[in-house]
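As structure tokens, the structure follows; a few thoughts come after it.
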């Protein structure tokens, strides 16, 4: 054991005061373990001129005034003491040397209190000193922990016990220090007021796991059964560590999602939920839930939980994947292309998971991809057969959506082989069927008569369009002889096509070609034409150029 000594202020004051006035010096407070003893150091002084032959003294308990009849702790003249102190008190000091040190043994709690000394020099030379010492009877060692203990930083914890009993010396040992460090006894230290303490030190670097650890110190006395224990719980400060968090979350659109973040720290952390730098929720707590009601695809993404306190921070992220049906597919544009060009059609959508995309035309699959958000269809050298309505269909396990779009292929006129002429009795009908996009102009040429009849001559030509097919009918009545040749010419901005129409038998007139409705319409038009021509003749109007070139037809009044 190391003994450290120092000349305390208490004894310096004693030496400086000799030859002075009435006065006493003792520790204002002193402590000792129950069942042990305590030595209360005491010095007193009186005027030098008194020169007493014998010096006596009295120790009182809890009161300095004899008239109050306080319990007598010790009395040098009679040795008569209060029953509480019988066999427990004796004077260690020599009053003749002005030393009034008192020893109390076999301490019990009721002996705790104030102790006053009275000097008795004989006659009227008696003086009760106001200075006193307060005795504290204890039964636990004092463990001193620094105000702040931080994980990862070395700390010193001390165990201090009073060592003021000359008959019993304490010994110190640490309890619950395994894994923390090895203790070292600093030694017996003298305090400023002349009392003594025994100190043991424990140095260690605490971890976060040491927070709340119960550390103990035991004081024992050799050859006795006396043992006293004291405990202190370590309050270790440490930065947050996120210990609880969702793994990646999948949720169906419209459902409820709860994201949980829990952190371990001391003091409790400030928990913050964030997304894309925006604070969604925060609180000082050990755990924080982020509640998302009726989630939408817009809430899909990465969510971050930040935990922080004065000692550091931690953060973790969790991915939220919102599952939803495909959106209505979008197509780049309604496509218009010229025959022979390459057409690229892009169909796209959004969904989670990615959909199956398919492009149909007339229930025929033209292209498909699996688990992709885009589908591109390439049509090299488009033909009129590629013209029409297409569908892009997107589907996954949560639903299906479709979008229709049109591809319009523009091309030069094509006169179909079913075009022909037929004569019956005095009527000639010529059918010219043209496939074209955009709609063409159609003219009938009769070379032998140097006549060209176009579709604007409604007296003679009836036209009907269905899709990209244009059917034009030339009707000539009152013909004693059919024209030798009839040429159908069709043109649009992409080209011109001509075909000499072959003649067929009378039984193959073209009414069957245009159907019953077309026949009725054509018949109605013919009647209107007849009425119109008749009225025109009555009014004496001049004939049209076509009529002038067909004088024999006009002259008969037959169409």
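From the backbone N, Cα and C atoms, a Cβ is placed for every residue, glycine too.
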Per TrEMBL record, range annotated transmembrane segment [choices 510-533, 534-557]: 510-533
Overall pLDDT of the domain 'Ig-like' (141-227), taken as the mean: 91
Residues of the domain 'Ig-like' (141-227) by DSSP state, where helix covers H, G and I: 3 helix, 45 strand, 39 coil
